[in-house]
Every structure is written in structure tokens, then in C-alpha cells.
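According to Swiss-Prot, the protein has these features:
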type	residues	note
DISULFID	C94-C102	disulfide bond
DISULFID	C115-C135	disulfide bond
CARBOHYD	N134	N-linked glycosylation site
SIGNAL	1-28	signal peptide
Amino acid sequence: MMARLWKTTWFLLAILVALVAFSYQVKRKTFIRVEEVNALESSVKETLEYVTEEYNKKSEDLYNFRILRILKIEKQMTNHMEFHITVEMQRTTCLKTEKNLCNVQEGELHKQIQCYFSVYVIPWLEVFKMLKKNCTNSS
């Protein structure tokens, strides 16, 4: 009788350990795929607009910046979608209060930066969240 009780206890303990291990594995990100994508993809366009707007909102510069060149865009699929974007941006002639498409600054006010953005995206709900931003001077 006692041996049977021990076997049952060990069996239940083994099931508990397996369930804990399984639930931990489910919580971890599982990479489905990472691929380089084209800037013309609709969710990429929206994401580029979002990162530009977010950069300009949080920047202490008096002028808006705009994307001059896209260097790389990767889409990472896990339990959600992330874009990893590397771009060159330049300071424009528009102050932050202006929302027009403006020329880039020339001369003394010229400033060019290279930025890496990691963005959480749910395109069909138009949800964007900046996960990481790193910008450095490039001129």
C-alpha cells in the first residue's frame, strides 16, 4: 500500500514538473521567421510614418526630421510582429509645429543621423509600440 502511494506521489510530481516546464516554454518568444522586407509593404509604410512621428515628438530639436534613406527593414514574426528598421534621417526646414513635407536643412543647420528602431506592430488594429530606438550622428 505504501509503495503504491509513493508511486502515485512521484507520478503526480512528474506531471506537475512537466506542466510548469511546458507553461514556461509557452511564455518564451518562439521565432517563427525573420525576413528582410520591402518598404512598399503597407504595414511597413505605416510603421515608417510611426517611427518618424515618434522620433520628432520625443526629439528636443526645434526642427522635424524625415527619413532620407532606408538602409534595412526586417520583419520578425514571433507571437507578434516586430519591425527592425535602420534608416538615415535629416533635419528639415520645418519647425515641429509644421506638418508639411519640407526640404532638408542645408549649411550650418544641416544634420544627418542614422537610427535603428524596433517596433511592435499589430497592423490590422493599427497598434504600434516603440521597443527600442538608437540614433547616432552620421554627418
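Including glycine, each Cβ sits where the backbone N, Cα and C put it.
Distance from the CA of C94 (disulfide bond) to the CA of C135 (disulfide bond) is 20 Å. Listed in sequence order, the disulfide-bonded residues near N134 (N-linked glycosylation site) (C-alpha within 10 Å of its C-alpha) are C115, out of C94, C102, C115. In sequence order, Y63, N64, N100, C102 make up the list of same-chain residues 6 or more apart from C94 (disulfide bond) whose Cβ falls under 8 Å from its Cβ. In sequence order, V51, Y55, I85, T86, V87, E88, M89, K133, N134, C135, T136 are the residues of the chain that are 6 or more apart from C115 (disulfide bond) and have a CB within less than 8 Å of its CB.
Neighbour density for C102 (disulfide bond): within 10 A of its CB lie 15 other CB atoms from the protein chains shown.
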